[in-house]
Structures are given as C-alpha cells and as structure tokens.
Amino acid sequence: MAGEFRWQAGRPATAQVGGWVLAHCQQRFLQDDNGLLFPREWLKRQELPLLAEHGVGHWQGEPVYVLELDEPIELPGMAWAPLRQFMLHGDFDQFCMLGYASQIGIWARHNRFCGNCGTRMQAQDHERVMQCPQCGLHQYPRLSPSMIVLVTRGDEVLLARSPRFVPGVYSTLAGFVEAGESVEQCVVREVREEVGVEVANLEYIGSQNWPFPHSLMLGFHAEYVSGEIVPQEDEIEDAQWFSLDALPPLPAQRSIARHLIDLYLARRSGAAEPVLPG
C-alpha cells in the first residue's frame, strides 16, 4: 500500500451509523461526478435491490461498507463502472479498496444460503465468515490460487495469447492450482498443457491479488528445457518465442504478468529492478 495508508481493509460493524458506502453489482461500481464513495445513510435511503451489506475497511480513517445489489439499477446522475478500468488507470489505493469490496460482495452474494441444508446464512461479528444457524456450516471468502509464469530461453521469452485478450496483446502463461498439487507442480503442468514444453529451475517472484473474481496470482520465472510449442486448443490462440528487443504489445503495467516480463528485461540488461505494485 501507499505510505500514507489511505486504505486499510477491516470489518467495521454494520450496526454503527455513518461512514462511506460502495454500491457493487457484477464486478461494477456505482459512481457519480464526485466519485465512488457515497454517504452511507443517504444511499441506503434510496430504493436499492439490496442483497447484503458488509463493512470492508477504512478510507482515510473513515469506515467503508459495500452494498451488494441484486441488479445494477439506474439512478439519476450516476453510472456503473467496471472494476477492471480501475486496475488499468487511476489511483492504486482506490483499486485495492474496490478489489477487496468486490470480492466481499461476490462472497456475500454466493453464500446467502447454506449449500448443505438450504438455510439462510448469517454473517458473524467475530470474523469474516458466513455461518449456517441450522447445521453450522462455515463459508469464508473464497480465494483461488493461480500460478503465472514467464518461461525464458536466454534472450527469448515465451508469450501467448488467449482468444479473450485485447487484440494483439501477448502475455505470460497462467492457470489455477488444482486439488492435491503444489504451486510448483501446477507451473510445470500448466506450461506443458498450454504450450507443450517442459520447464525447470523455477523461481518464485511474488504475488498479486487479482479480484477477477477472487484469484491470488503467484508469479514465477521458469527456464525452458525441451519441446516444441503446441498451443492448447480452445485455450491458446497463439504462442511464440519473442526476442527481448522485439516484443509484442504487452499486458498493463500494473499487472503481475507485466512485472514478470519487465523484471526479466531489467535483469538481462542490468537495469534497476521494477517493484511489483501492491
């Protein structure tokens, strides 16, 4: 976080009065000309399709809550903005706040009823958990660990693109950790599945919260060992070796994918190493 700690995650009690509130639905936030934070009591007086309310932390010392709405209704003078645009542009502290609020909102939406007996779940005061009053099932906010890796071969990097990417952009390889495997095993497996090559000498670089919708990206560098590139059908549109002096359009600066690439470039050139945002 930034040095002034403008945003701090937490659990301010919903029973207390006042504070700021964010309105969230489908990974979008309500905003007007003054921004995304609204006076809490005022916004709650509007006719909103409210599913849940949770305290999410403090912004500049003031409590912040998120209202999870059933649908993104229209309100005069307001519009809905996607979370991803705040990742790419603007204040990074604000993005951290929105990312956390989005994850809590989605968790609240998906756990309104017990998956075991169907009883309505209840939020608990002592920790961030939804509990079933009937059978006692606990549901904590979901976190999905994913690996992301830059595969290198000297002055070349292996980059790929998914059909879902912005046209022309190539990125590092990524995939979810499966049950029963370590993150390192996931790296080797995903690289083999997505592009058909073998890697070794894995180096853990760092992690980044990725609230789309609830991933934790664990970044690695890996060295190429053997194999020819064979893109995975339906997952990888194209994959190539790129020279460091002839790279294609790359992911956004704030992403861990871009950090892995920039870090390798810095190490090969002897330049100062970049710092991973967050």
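Please read every residue number as a count from 1 along the shown chain.
A Cβ is built for glycine as well, from the same backbone N, Cα and C atoms used for every other residue.
The substrate binding site annotation in Swiss-Prot covers Arg84, Glu127, Tyr140, Gln208, Asn209, Trp210, Pro211, Phe212, Pro213, His214, Ser215, Ala257 and is backed by sequence analysis. According to DSSP, Arg84 (substrate binding site) is assigned to a helical segment.
Long-range neighbours of Cys117 (Zn(2+) binding site) (same chain, six or more residues apart, CB within less than 8 Å of its CB): Cys132, Gln134, Cys135, Leu137. Cys117 (Zn(2+) binding site) carries neither a helix nor a strand DSSP state and counts as coil. According to Swiss-Prot, the feature Zn(2+) binding site maps to Cys114, Cys117, Cys132, Cys135, an assignment based on sequence analysis.
Remark: secondary structure over the domain 'Nudix hydrolase' (141-265) totals 23 helix, 52 strand, 50 coil, with classes taken from DSSP. The annotation domain 'Nudix hydrolase' is assigned in Swiss-Prot to 141-265 on the grounds of sequence analysis.
Here Swiss-Prot flags Ala174, Glu194, Glu235 as divalent metal cation 1 binding site, drawing on sequence analysis. Neighbour list (Ala174 (divalent metal cation 1 binding site), Cβ cut-off 8 Å, at least 6 residues apart, same chain): Ser146, Met147, Ile148, Val149, Glu190, Met217, Ala257.
Residues or ranges marked as motif 'Nudix box' by Swiss-Prot on the basis of sequence analysis: 175-196.
There are 22 other Cβ atoms within 10 Å of the Cβ belonging to Glu194 (divalent metal cation 1 binding site). Sequence annotations record features per position, and here Swiss-Prot assigns divalent metal cation 3 binding site to Glu190, Glu194, Glu235 based on sequence analysis.
The feature divalent metal cation 2 binding site is assigned by Swiss-Prot to Glu190.
If you take the C-beta of Ser215 (substrate binding site) and look for same-chain residues 6 or more apart in sequence within under 8 angstroms, you find Leu143, Ser144, Pro145, Ser146, Phe176, Asn209. For the domain 'Nudix hydrolase' (141-265), the model's average pLDDT works out to 97. Listed in chain order, the residues near the Zn(2+) site other than Cys114, Cys117, Cys132, Cys135 are Gly115, Asn116, Gly118, Thr119, Met121, Pro133, Gln134, Gly136, Leu137, each with its Cβ within 8 Å of the site Cβ centroid.
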